[in-house]
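Visitor: Quick paste of what TrEMBL says about this protein:
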- Arg34, Glu94, Arg134, Lys440: (6S)-5-formyl-5,6,7,8-tetrahydrofolate binding site (BINDING)
- Asn239, Thr258, Ile260, Thr263: K(+) binding site (BINDING)
- 239-244, 258-264, 283-286: GTP binding site (BINDING)
- Ser243, Thr264: Mg(2+) binding site (BINDING)
- 229-367: domain 'TrmE-type G' (DOMAIN)
Amino acid sequence: MPPAPLENSPGASASDTIFALSSGAPPAGVAVVRVSGPMAGAAIDRLTGGRPRPAARRASLRILTDPASGTTLDRALLLWLPGPGTATGEDMAELHLHGGRAVTAAVLAALGRLPGLRPAVAGEFTRRAFETGRIDLNEAEALGDLLAAETEAQRRNAMLLAGGALSRALEGWQHRVLSLAARLEAQLDFSDEEDVAPLDPGFASELAALDAEVARWRGRLPVERLRDGVRVVLAGPPNAGKSTLLNALAGREAAIVTPIAGTTRDLIEAPVALGGVPFLLTDTAGLHAGTGDAVEAIGIDRAAQAIAAADIVLWLGDPGSAPAGAVRVGAQADRRTLDPAAHDLLVSAQSGAGMDELVTLLLDCAATLLPGEGEAALSARQRAALDRLGEALALAQGEGDPILVAEGLRLARAAIDALTGRAGTEDMLDGLFGRFCIGK
Ligand SMILES: Nc1nc2c(ncn2[C@@H]2O[C@H](COP(=O)(O)OP(=O)(O)O)[C@@H](O)[C@H]2O)c(=O)[nH]1
Ligand SMILES: [Mg+2]
């Protein structure tokens, strides 16, 4: 079902009982209609003509009747799920109908005529789960990612976060920050204005341990990398053989190769899978000073930006002038004498010599960039909030001035609240839940 913007219809409120077709578009074998809210139980009582409600969490067969006309709607499996131990935290019911268009439409229409019930908007079930505290923002975000996951790596990552991997860490951190803040308060209360007692050494080491744990999460990979691949940028002076090497790695003529310096003027991107790992290879304009060509100058500018944003830079120029951290590749080894000691490896894109070693090196680098077993990649929102948390903890550890320590701990609490969504602004929440389907 196409996502609709999360804007409540006039008069709608969060205490309404909502319903939606949660399974795919009919016709289908089975259609699942979910109902959530205080009137969920009353709604199924009406549709079953007041027959005893099925035992909680047990599927029971029931004849559904339209209370307005008395006509039979369907014979359906009914689930009664009393809150708060439900997906939304509210009373819920699930109707497993015969998945025809007319059946679903008739049942949805009958539900819509019941007092206090209205159709759900996109993401509203998940939003209620968040608002009743069943899940935090990270789990909600991961549920959205799970629905959108197209590759195995994305699915695994979404499962980790939807399962609360980050949420559990955050809960522990919030607890520790609160207890540190309480200890600080106590110390401040017992010391007089003139002579504030120094903080006990245990305090500092606990703060440092917390900071180290947060730092490990801050080092986690951006989730975009799972989608877009590890960014490898080929850089160096004109005619170094960058485009030829990119084509050899990509296994196709992605970039134009000529003996003319300045052939590549814009960034050329080629997504490739090497050893099952997604890479995004980027070819750049040759870096050299004093070009008279305005287009080439822009290309050189873009090359510099690409290098700055790269995960791995393959530098094909003079090894002495390689950017920091770059892999020094001695290219065109078949026709040049290169010093093996000055390079990380020698390759010839033309003869293929050294190409296997280059791929191995890229895979080794990628292994450190992609999430390991049980490690989650994080969204931009999560990484930004974790950075704020790290800065707050740095402030708290800085001077030892109790006022600054207290302020750092306060900011740390705010950063954790932003991560769990407890301090989220409405705009951010609308944007996040609006990505969902109706019925989710
Ligand atoms: N013999 C040989 N020639 C190469 C090799 N790599 C590139 N070339 C040639 O060097 C010239 C410049 O290559 P190109 O890939 O366009 O360099 P770029 O400016 O760094 O992109 C072209 O004429 C290529 O055919 C190589 O490994 N061996
Ligand atoms: Mg080129």
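A Cβ is built for glycine as well, from the same backbone N, Cα and C atoms used for every other residue.
Whatever TrEMBL says is automated annotation, not expert-curated.
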Visitor: Asn239, Ser243, Thr258, Thr263, Thr264: which of these binding-site residues has the sparsest Cβ neighbourhood within 10 Å?
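Guide: Thr258, out of the binding-site residues Asn239, Ser243, Thr258, Thr263, Thr264, has the fewest neighbouring Cβ atoms within 10 Å.
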Visitor: Suppose the K(+) site is Asn239, Thr258, Ile260, Thr263. Which further residues of the same chain have a Cβ inside 8 angstroms of that site's Cβ centroid?
Guide: Pro238, Val257, Pro259, Ala261, Gly262, Thr264
Visitor: Within 10 Å of Ala261 (GTP binding site), Cα to Cα, which of the binding-site residues Arg34, Glu94, Arg134, Asn239, Lys440 are there?
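Guide: Candidates kept after distance check: Asn239.
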Visitor: Go through Arg134, Lys440, our binding-site residues, and report the one whose Cβ sees the most other Cβ atoms within 10 Å.
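Guide: When each Cβ's neighbours within 10 Å are tallied, Lys440 tops the list.
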Visitor: Work out the three-state DSSP category of Ile260 (K(+) binding site).
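Guide: The residue in question, Ile260 (K(+) binding site), is coil (DSSP, three-state).
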Visitor: Expressed to the nearest Å, what is the distance separating Glu94 ((6S)-5-formyl-5,6,7,8-tetrahydrofolate binding site) and Ser243 (Mg(2+) binding site) at their Cα atoms?
Guide: 58
Visitor: So which of the binding-site residues Glu94, Ser243, Ile260 sit close to ligand 1, that is, with a CB under 6 Å from an atom of it?
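Guide: Ser243, by Cβ distance under 6 Å.
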Visitor: Where the record says Arg34, Glu94, Arg134, Lys440 bind (6S)-5-formyl-5,6,7,8-tetrahydrofolate, what is the longest distance in Å from one Cα to another among those residues?
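Guide: Per the listed residues, the maximum Cα distance equals 19 Å.
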Visitor: Just the binding-site residues from Arg134, Ser243, Thr263 whose C-beta lies under 6 Å from any atom of ligand 2, please, or none if there are none.
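Guide: Checking each Cβ against ligand 2, the ones under 6 Å are Ser243, Thr263.
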Visitor: In Å, rounded, how far does the Cα of Thr263 (K(+) binding site) sit from the Cα of Ala285 (GTP binding site)?
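Guide: Pair distance, Cα basis, whole Å: 8 Å.
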Visitor: Would you mind reading off the Cα separation of Arg34 ((6S)-5-formyl-5,6,7,8-tetrahydrofolate binding site) from Ala285 (GTP binding site), to the nearest angstrom?
Guide: 56
